Amino acid sequence: MIPAHFTLGSPLALMAHQALIFLIVSFLRPVRASFDLARCCVKAARDRGIMKRVEEALEEKQEPWAICKFGKSVEYPSETRWPSVTQTRAWCKAECDGYQRSETAQWLQPLATWIAPYIAFLLLCPVAEGEDDIDENTRKTEFRFTVLARFLNNKHVHSLWSFVTNVIGEYVLLLGDPASALWGAFSEILSDLRLAKRLGNKKSSWLADKAVWIVMLAGDTKFKPDLLWRGFAKSLPKDERTSDEAADIDNPAMAKTTSWRMLAKRVSAHTPSIERNGSPDSTGQDEIIKQSTAVHASTLTGASLQSSMEEELMRGVQLLVQGRINFTKGIFMPTILMLAVAASVFFDAYQKLGDKDTAHALAYGVWYSWLVTLGVAANCFATSTNVGVARKAFGKSIELSQRRVSLSERYVNRLAWENWLWEIENPDAEQTVTGPFQQNTAFWFKFLLGQLIGCVCVCFASGSAAVISWTTPTVGIGCRSFNFVLYGVGTTVAAIIQLCRQWAGRNHSGKARTSPLVFLTWSYWVVVVFNALVLVVGTIFHLSGVYRSCWCSRLFAKEDTLLEFNRNTEQAYTNARRYWLVTGYVAFSFVWIICSFAVSARKYIIWRVERALEARD
C-alpha cells in the first residue's frame, strides 16, 4: 500500500507526478521504424573487403544478396552456417537508422509462451487488502493541503484513488521490489514451520495454545495491539473489572502501556486449572462442569469463559483451515503447466540453435522466472484466506485489523505477532524480561540476510538473462542485457532502502513529516516505480521491436565497434550451444529447487495442522 504521505492532492504528490512524467519523456527518443536487418546486411556486404573474405572462404563468387540470403528464411535445424557480415556502429547509424518493427510471430510467441503465464503467477500472489484502521475524521484530513479538497473528498474519486493505491500499487510493489516480497514469503514459511511444531502442546495453557493458532492463521493481518486488547478484555467477567489492577482494562490505550502478560495472567486466573487431555471437546467440557460444581462460583464463571472462548476460537481455526485455497488446483497445476511450457520452449530453442529471436525470447523467459518462485512461496503458508473471512471466522473472540499487510512487510509484522505470542505463553515472567522476538541486532542482521536472499533469487534470473542476450551477436552489452542488469541493480537498491525504511520507522510516531522515515519512504517508492517501469517498458520495447536498432545493438560502444548484420552465423551457433541453453537450464533448475523446498515445507505445515485438528476430534 502506498503510504499516507502520498495523498492524491498534496503538493508533494503533484510534484512527484510531474517529475515522473518528465523522467519518462526524457528517456524516449524519436525513432523511425525504417530499419531492416536483411537490407542492411545486403548494404554492408557490398563492401569489397567483406565480399573478398566470403569468396575466399566459400571458394566461389558471391553477390551481396546471396551472402545475406536476402528474401530467404532459415530452415531449422540448419546444417550450414552463413558468413559473418560486420560493419561499424557509425556506418550502421548513417545507413540503417531507426528500428525494425516486430512481425506477428516475433511478439505473439513470447507473449503467449512466457508473459501470459507469468502474469497469472503474479496475480496468484497474495497482496495487501483492506484499508488501515483509521477513523473518518482522520481520513478527511488527508486532503487538507489542496484547494481541490471538495472534489478529492468525493466518494467516487476516493474509491478510484483507493483502487490505484491498494491494488495497482501492490502489484507495482511486487514488480519493483521483488526481493522484499520473496523474503516476506520465505520468512512466513519459516515462522509457520516453527509454530507448526508447537501445535497441540499439552503443557501450554489453553490460551497459549489458541494463540499459536491465531498467529499461524491470522498473522498476515496487520498487528494492532489495541484491537486485540479490546477483544481479549471483553472476555473477562464484568464483575471482576473493578480491581485496581484492571480498572482501565477496557481502555485500548492499556495495550500500549501494559504488558500482555498481565492480561493473559488475568484471563488464566478466571479459568480453572484443569489438566487438558487434548481438545475442548464434549468430554473436556463435561469434566470442566464436574469440577466446577465443587469450587467457588467464580470458577464456574471461569469454566464458562474458557469453554465459550475456546470453542469460538477453535471454530474459527477450523473454518480458516477448511477455507484455504486448494493448493493443487490453484498453485501446483499452474506450476506444472509452466514446467511443461518451459520444456517445450527449450526443445524449440534446441531446434533453432543460432536464431537471435529465439535467444532473446529465451532470455526474457529466464528473466521473469523469479515470479514462479514468488507465486509458489507466497502460497505455501498455513492459510490463504482473505482478511474478511478471518475476521468473521473468529467472531467476537478476537478483533483483527481490517488490513492484510504486503509481502514486503510480513517479516516485521510477524515479529510483532510472535512477540505477542511469547507474552501470552509467559504470563509469569518478570516485566523486565523480554522475549526472544525483539528488534535487536540479530533481528536486523536476519532482515539484511533475508533481503539479500531475495536479491539473489531475482539477480540470478536477471544475470542469467543478461548472459544469454550478451552472448547473442552482436556480442556485448546491448539494450536487452542492460535492461536485465539495471533491473537487478534496482531490485538490490530497493531491498536495501526497504531495510533502512523499516529500521527508521521502528520508533516512528507518524507525526514528524520531515523525519528520515519520510525521506526513505519517498526514495523507496521512487526506486520501486522506476524498477517496475524498467521491467514493463523494457518488455514492451522488446515486443514492439524498438531494441532492433543500431543504437541498441551495442550500448556505450565506440563508433568504430563492429556490429553483426547476418543471421545463422557460426558465432551465433557456437554461443547457442555454449551459453544460451546451458544458462537457461541452470536458471530454471535454481527456480525448481527453491519451489520444491517451499512445497515440501507447506506439506509439512499442513500435515501438522491436520494432525493437530484430528487429535481434537
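Cβ atoms are placed via backbone N, Cα and C, with glycine included.
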Where TrEMBL places transmembrane segment among the ranges 106-126, 484-504: 484-504
Recorded stretch that, among 447-472, 484-504, 516-541, 579-601, has the most CB pairs under 8 Å to the transmembrane segment (367-389): 579-601
Chain residues in Cβ proximity to the transmembrane segment (447-472) (below 8 Å; excluding those fewer than six residues from its ends, i.e. six or more beyond): 178-183, 186-187, 356, 359-360, 362-364, 366-370, 373, 411-412, 478, 480-481, 484-485, 487-488, 491-492, 495-496, 498-499, 502, 572, 575, 578-580, 583-584, 586-587, 590-591, 594
